[in-house]
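Read through the structure below, which is laid out as structure tokens, and then see the notes.
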Amino acid sequence: MARHSIGLTYLPVMYRALTFILTFLLYTSFHLSRKPISIVKSELHKNCSSVSDLATIGASSGAGSGQQPSLLTAHLTDMDCSWKPFDKRNYKQLLGAMDYSFLCAYAVGMYLSGIIGERLPIRLYLTVGMLTSGLFTCLFGLGYVYNIHSLGFYIFVQVANGLVQTTGWPSVVTCISNWFGKGRRGLIMGLWNSHTSVGNILGSLIAGYWVSSNWGLSFIVPGLIIAAMGVVCFLFLIELVNNNAMYCFFKQVQDKSWNGVNGHTEMYLQYKEGKAQSYDTELLLPRDSVCVPVQPVVVVKRESEPSPISFMGALRIPGVIEFSLCLLFAKLVSYTFLFWLPLYITKAAHLDAKKAGDLSTLFDVGGIVGGILAGVISDKLGKRATTCAIMLLLAAPTLYGFSMISEFGLGPTIGMLLVCGGLVNGPYSLITTAVSADLGTHKSLKGNARALSTVTAIIDGTGSVGAALGPLLAGLLSAGGWDQVFYMLMTADFLALLLLLRLVTKELTSSKSRPISAVE
């Protein structure tokens with residue numbers, strides 16, 4: 001029995017480890033499948049611009065020698081500069097619109113996803129989302145294979161993919177929060193949320209491998225990966241339906257050591273006059289000296305199933321609105337880097353698409369460190385909003401420094417990418433994970449864990465509005481120079497900081513020093 005008890009003792013730990021690793025890999029595949037578009041952007045227009053330069057050189061040399069431009073040059077221009085519709089001068093606006101279509105669909109779908117996710121099994125809901133996301137990601141790559149040049153086709157694929165990808169975040173956050181309590185939540189969530197940066201890094205490397213030779217595979221391979229992970233999710237993801245019941249079961253088994261008949265110690269009840277006993281017990285016990293044997297039984301109380309929280313009910317939770325609007329601007333900055341950083345590096349550092357994609361991964365490396373630091377500091381101080389505010393305050397001038405230093409060579413660019421990644425992704429990571437989990441288990445909910453998915457979807461959905469606006473504005477503003485893009489990013493950081501001032505004031509004036517003090 002001792003060996004069996006030890007096995008049961010470690011069983012919850014094994015389930016937690018499995019859930020941590022599996023949900024980490026599942027959402028890594030989500031971000032892995034989103035990254036290729038930012039890598040392929042520079043290749044979509046590079047073909048056209050490079051061939052146009054070749055045609056210009058050929059025309060100039062022909063005019064200088066008194067000859068007409070060669071037929072071969074004209075033929076090359078017609079054939080190679082043909083990846084429509086991104087061969088036009090407004091290609092930045094077109095690429096921005098394509099980003100916007102994905103992110104706008106993602107933002108709208110996220111509000112619905114949390115409500116739907118609370119009413120369906122997480123495992124099935126997440127599996128269907130990953131399989132369909134893999135399908136649409138592959139469809140984008142098949143546009144290269146079948147030589148599709150319709151902007152409507154790519155917009156449709158982006159919109160559909162944005163909608164189905166909303167199944168991921170509320171599901172994995174709900175699952176990981178069910179298995180892990182509030183103790184050291186910032187550290188655990190900070191480590192776990194590094195899947196965002198890991199997915200971006202892997203997506204950049206995978207897409208960059210094929211971007212110059214066959215950019216269709218830059219989408220097809222990640223699409224197949226997320227679909228395969230959907231199958232893994234269906235086979236191995238474990239939902240924790242009732243955390244209290246699970247804890248009660250393991251607690252009972254660990255605390256008891258029975259060694260009587262059939263593994264139980266024999267216990268007896270006997271009626272004694274004048275001794276306080278329950279009414280039911282007195283009716284069942286005989287009035288003589290007979291002892292009635294009783295077997296100990298593990299009883300797990302089954303609570304009534306809590307009802308899902310409404311959208312307005314979730315908004316009334318203290319702190320949800322402030323953190324949601326803060327995330328709108330924080331995610332605007334993060335996703336602008338996600339979708340436009342490789343293209344900016346190709347223009348500022350004059351690198352090809354593959355090298356720019358590889359270099360852009362340093363931003364995500366910094367994001368991993370920043371997310372973990374934000375979690376550790378917020379756990380130590382017990383002040384989530386204050387931690388976010390400090391990082392946002394430091395991020396704005398750092399962005400300005402990056403826009404200046406990136407023109408002075410590769411070394412300074414690498415350093416600033418790491419610092420910017422940490423300061424930009426730190427607050428974004430903390431709000432979408434630990435803060436969302438804290439608010440989703442707020443004391444005003446009275447233990448209703450089914451509110452977590454809706455709260456997470458509201459916060460991330462609002463943030464996704466910013467994620468949709470950021471790349472779109474970057475596409476419009478970059479036509480007038482990249483400086484305007486960085487001014488927009490710095491403004492967004494300051495607005496995010498302003499939205500947290502009330503919660504920061506509450507935390508600093510509170511005598512308590514413990515996590516989520518601003519949202520209790």
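Glycine too: its Cβ is placed from the backbone N, Cα and C atoms.
Annotated features in TrEMBL:
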type	residues	note
TRANSMEM	13-32	transmembrane segment
DOMAIN	22-508	domain 'Major facilitator superfamily (MFS) profile'
TRANSMEM	94-116	transmembrane segment
TRANSMEM	122-146	transmembrane segment
TRANSMEM	191-211	transmembrane segment
TRANSMEM	217-241	transmembrane segment
TRANSMEM	320-341	transmembrane segment
TRANSMEM	361-378	transmembrane segment
TRANSMEM	385-402	transmembrane segment
TRANSMEM	414-439	transmembrane segment
TRANSMEM	451-473	transmembrane segment
TRANSMEM	485-504	transmembrane segment
- [ ] Might you confirm whether the transmembrane segment (94-116) is in contact with the transmembrane segment (485-504), defined here as three or more C-beta pairs under 8 A between residues 6 or more apart in sequence?
- [x] no
Top stretch by Cβ pairs under 8 Å to the transmembrane segment (320-341) (candidates 94-116, 361-378, 385-402, 451-473) is 451-473
The answer for the transmembrane segment (94-116), taking Cβ pairs under 8 Å and residues 6+ beyond its ends, is 34, 37, 41, 44-45, 85-86, 88, 125, 151, 154-155, 158-167, 169-170, 308, 311, 335, 339, 453-458, 460-462, 464-465, 467-469, 471-476
Outside the transmembrane segment (217-241), at least 6 residues beyond either end, the same-chain residues with a Cβ under 8 Å of its Cβ set are 15, 18-19, 22-23, 25-26, 29-30, 32-33, 35-36, 39-40, 121-124, 126-131, 133-142, 144, 175, 178-179, 203, 206-211
Stretch winning on C-beta pairs under 8 A with the transmembrane segment (361-378) (pool: 122-146, 414-439, 451-473) is 414-439
Within the same chain, the residues 6 or more beyond the ends of the transmembrane segment (414-439) and with Cβ under 8 Å of it are 169, 173, 176-177, 182, 185-186, 189-190, 192-194, 196-197, 317, 319-320, 323, 326-327, 330-331, 333-334, 337, 359-360, 362-371, 373-375, 378, 384, 387-388, 391-392, 394-395, 398-399, 401-402, 405-406, 452, 455-456, 459-460, 463, 496, 515-516, 519
Restricted to the domain 'Major facilitator superfamily (MFS) profile' (22-508), the mean pLDDT of the model is 79
